[in-house]
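Participant: Quick one: this structure, given as structure tokens, is what I'll be asking you about.
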Protein chains: 2
Amino acid sequence: MSVTFAKGFTAAGIAAGISSVEGKKDLALVVNNGPLDAAAGVFTSNRFCAAPVQWSRKQVADGHIKAVILNSGGANACTGEAGYEQSKATAETVAGLVGAKAEDIAVCSTGLIGELLPLDHVLAGAKQAYAALADTDEAGADASHAIMTTDTKPKTVTLESAAGWRIGGMVKGSGMIAPQLATMLCVITTDAVVSAGQMQAALNAAADLSFNRIDVDGCMSTNDTVLLLASGASGIEPDADEFNETVAKACASLARQIIGDGEGASHDIRITVTGATTEDAALACGRAVAASNLLKCAISGNDPNWGRIVSSLGTVPEDVAPYDANKVTVDVNGVRICENGGAGRDRSEVDMTPREVHIDIDLNAGDAQATVWTDDLTHEYVHINADYES
Amino acid sequence: MSVTFAKGFTAAGIAAGISSVEGKKDLALVVNNGPLDAAAGVFTSNRFCAAPVQWSRKQVADGHIKAVILNSGGANACTGEAGYEQSKATAETVAGLVGAKAEDIAVCSTGLIGELLPLDHVLAGAKQAYAALADTDEAGADASHAIMTTDTKPKTVTLESAAGWRIGGMVKGSGMIAPQLATMLCVITTDAVVSAGQMQAALNAAADLSFNRIDVDGCMSTNDTVLLLASGASGIEPDADEFNETVAKACASLARQIIGDGEGASHDIRITVTGATTEDAALACGRAVAASNLLKCAISGNDPNWGRIVSSLGTVPEDVAPYDANKVTVDVNGVRICENGGAGRDRSEVDMTPREVHIDIDLNAGDAQATVWTDDLTHEYVHINADYES
């Protein structure tokens, strides 16, 4: 399913021998068969952004992308001119296969930083993937598997409007997830008839409220890429608001799935800050709490440790988020354990058994609010990121 | 030893029954017997600062402190007016014992946030500690033990100038350690003849280069307090530069000891950023790297993962730290594993067996530099902060 749910798209996911895991699907191809080839993208703001990001950002700027090739098993980041040439050669090969210019091909990579890709495998894999292209559910599913790294499951979304146009999407991402963007590759397809400008505006707004509001481990990646492709194959011009809302819904679903599969996570934590003077203030407070290792450890130990919540809130400068510490309340899973900046109901009353934990903070300073998501910090997270084979 | 190394000070550390650990020393008293009672202090910038911080910050403002009472076993943070009254009552009791005003008594607390102290134990303990006051090495050592929480060892410093005046100090701190300040209580004593203004300037500069440049887990505390007390008992007026340098040296030693005892740490990581346009730029880069959970996990797994170093560097905005990503070099333990922003020598050449790991980053953009310290992120850190009894 995933990207092939929208009409006009074919996809494939194959094992090209790029990943060090024998036989793992590691190369995906998504082709837009039109009639439109409109595209929009958002990318990592990391200054050490990877070669494929440098390539794709340039190509999506004119609003046209015909196909996207994505690989796991190597990030092609911090690989200099040689890395850039690899991304370019990959795009050229795909362009030759699909009958487009290299400038209409986006390239995405994910995996270890600092190493070049086995380019012969990538190029041979591109041909193999091209031969496997299909518009079936299975082809879409294969593509969503091929981009996984430490992900334990594929992450996809399908939405259909009442008018009949569709959105499909896939994302990978599990660790190195933080604003801005997460370590993630994401391709969202639609068969709606939309312009590149309209898509870019919709994607910017949607990413800001989804991928930019999740934080697994506070670490920004070099390879983050979110692409939105439109084929126009439904022949339907969508209501503008409905299109924006549906793109936002797709991104929110994919972002939520990333949090649900955060490295080693045993709890998904939703932090909602209300009563802020501005949305930015609410967001700054939410992000400060989401970044607290101590809180994330406490949650993994099933302790709703509100002291670690307010001590994180207290790091946000007053000019960023004006509030009175003596008026702050904190509810965890519906129990007000912090009242007026001090102890409220006993924290033993909080049921911490559900995977999803809700932290609701009321600053009592205004009417604005924001929600961010994070994961708890577990032994397994350390295991995944310390005990790997380097 | 510790605070009693400087002449004119007596100290004690006793078990007052504040800590939940049966028989643990949990109350320390440090008394300045003069002739001077000059004092300076720096405190957490957390907006949820604890009652003892609110009390002590006010009392040290006039440059006079006669005695400091410190407890582990409870932070008295987020405890509202009742908590403040506890700090005040504690100060009043000590004032009565040492023959001073309550306004000349500093109070420090460390432990769980959100609960009031068992005040009767604190006040009875103050009397017991007063009775135990001595200027001996043992009394100083007892005090340094009494302030420990998750610390595995006491942390003290003693320095003697050629002229004969002395500095002694003790600190506690292990987790919840980040700029600004660490979760720490610190008392430094000197028998030099110095003014409160001179001491405050020396302490500000010293803290900025020591306690504000360490980061165990990125979490700012509610209770951080660093006090510098002068008795003048040596009768010696120190050279101003030498005094500043010696205070800086004492703070640096204590900060280094905190990193050496970071919760669960298996490596102490020194990050030096050179070639920056300004010291602030170097510091921003150093702090970004020190905050990377992924890097800290990699180091705990003995992997000098330079990809995680440069991807953290890449999060620092260009207006904060101008540099060209293609000119950055990274050495780990003397091996240049990243050259011109890409792969350098093979990381298998790096000997990761020493506890101390040196990460040297050259931005090649200017002449300024800064050094920060952090710890690795281990299974044990998660264990300490997740599997405790709440």
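Placed from the backbone N, Cα and C atoms, the Cβ positions cover glycine too.
Quick caveat, the model's predicted, so the values are computed rather than measured.
From TrEMBL, for reference:
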- A:Thr149, A:Lys172, A:Thr183, A:Glu263, A:Asn385, A:Ser390: substrate binding site (BINDING)
- A:Thr183: active site, nucleophile (ACT_SITE)
Participant: For the binding-site residues listed here (A:Thr149, A:Glu263), which one has the lowest count of neighbouring CB atoms within 10 Å of its own CB?
Facilitator: A:Thr149
Participant: Under 8 Å, Cβ to Cβ, against chain B: pull out the ones among the binding-site residues A:Thr149, A:Lys172, A:Glu263, A:Asn385 that qualify, in sequence order.
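Facilitator: It is A:Asn385, listed by sequence.
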Participant: Starting from the Cβ of A:Asn385 (substrate binding site), draw a 10 Å sphere and report how many other Cβ atoms land inside it.
Facilitator: 27
Participant: Would you count the other C-beta atoms found within 10 angstroms of the C-beta of A:Lys172 (substrate binding site) for me?
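Facilitator: Total other Cβ atoms inside 10 Å, all chains included: 28.
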Participant: In which DSSP state, out of helix, strand and coil, do we find A:Lys172 (substrate binding site)?
Facilitator: strand
